[in-house]
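The block underneath contains the structure these notes are about, expressed in structure tokens.
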């Protein structure tokens with residue numbers, strides 16, 4: 001289900017990440033020990049320090065930087081197109097009610113088109129680790145969208161505009177409530193996501209709800225910048241990265257366990273052990 005508390009958690013996480021990044025130095029104005037990505041953002045993950053890194057402690061090749069995307073990709077991992085079959089994808093979507101708007105919006109082909117832009121997804125480790133990442137991604141997507149039922153947040157009254165953010169100022173009349181597979185929200189997420197993907201996320205945030213490829217790209221953008229790096233720590237770390245403030249440390253065990261349940265279900269379908277540290 002898509003709801004305001006989870007969207008707020010995503011937004012707060014992104015705000016904390018943004019606050020920790022930029023400061024003083026080099027092309028991006030990054031702190032020492034931060035990389036300036038090819039898109040001009042500061043960070044320490046492969047998305048920043050890998051392919052196209054402009055300055056800072058760049059890593060040649062990056063984690064999954066080569067070509068391949070949906071069918072193959074970077075260094076090690078899972079073949080995404082072979083793992084996310086029609087049966088797997090539609091097995092999730094078919095559990096949504098017949099009246100759900102997302103049933104005619106989210107498609108496997110849109111996901112595979114989007115994942116081509118993120119060759120590091122499900123790569124950088126072993127095949128088992130890659131399959132676990134795929135299972136984790138779709139577990140969170142299932143939970144956030146109600147098995148691909150929802151495209152946009154149910155409650156659209158909140159604009160999710162952080163007026164204090166001068167780098168990504170809100171556009172007049174626009175609202176930045178949750179949209180897409182991971183329900184991206186807040187102006188400071190829509191702005192950089194749009195810039196990286198190739199649309200004006202501040203002036204036209206609704207593109208995420210109109211174009212399924214862009215919708216999946218925004219989800220993968222958030223995932224690769226905030227979640228991918230914690231996958232080796234176990235599924236529980238991905239919950240903490242996405243909605244830890246509201247679900248971890250006993251705050252909402254029912255919601256946390258629902259995510260874990262989807263993850264274990266998808267790991268079983270993909271014939272991989274879910275690994276340790278499933279909760280947070």
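Just so it is clear, glycine is given a Cβ too, placed from its N, Cα and C backbone atoms.
Swiss-Prot lists 28-36 (among others) with the feature disulfide bond.
Feature annotation from Swiss-Prot assigns disulfide bond to 30-42 (among others).
Using a 10 Å Cβ-Cβ cutoff, residue 49 (disulfide bond) registers 21 neighbours. Per Swiss-Prot, disulfide bond is recorded for 35-49 (among others).
Under the heading disulfide bond, Swiss-Prot lists 53-58 (among others), citing sequence analysis as support. The Cβ of residue 53 (disulfide bond) has 21 other Cβ atoms within 10 Å, all protein chains considered.
Taking all protein chains in view, 19 other C-beta atoms sit within 10 angstroms of the C-beta of residue 100 (disulfide bond). DSSP classifies residue 100 (disulfide bond) as coil under the three-state reduction. Taken from Swiss-Prot, the feature disulfide bond covers 100-149 (among others).
Marked as disulfide bond by Swiss-Prot on the basis of experimental evidence: 161-170 (among others). When secondary structure is read from DSSP and collapsed to three states, residue 161 (disulfide bond) falls in the coil class. For residue 161 (disulfide bond), other Cβ atoms within 10 Å of its Cβ number 19.
Reduced to three states, the DSSP call for residue 280 (disulfide bond) is coil. Taking all protein chains in view, 23 other C-beta atoms sit within 10 angstroms of the C-beta of residue 280 (disulfide bond). Annotated disulfide bond per Swiss-Prot: 248-280 (among others), in sequence order.
The domain 'Chitin-binding type-1' annotation in Swiss-Prot covers 26-60 and is backed by sequence analysis. Taken as a whole, the domain 'Chitin-binding type-1' (26-60) shows an average pLDDT of 61 in this prediction.
Swiss-Prot lists 61-77 with the feature region 'Hinge region (poly-Gly)', giving a curator's inference as the kind of evidence.
The region 'Catalytic' annotation in Swiss-Prot covers 78-280.
Taken from Swiss-Prot, the feature signal peptide covers 1-25.
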Quick note, residue 248 (disulfide bond) and residue 49 (disulfide bond): C-alpha atoms separated, nearest Å, by 30
Students should find that the Cα atoms of residue 100 (disulfide bond) and residue 161 (disulfide bond) sit apart, in Å rounded to an integer, by 27
Cα nearest residue 161 (disulfide bond) among disulfide-bonded residues (49, 53, 149, 280) -> 149
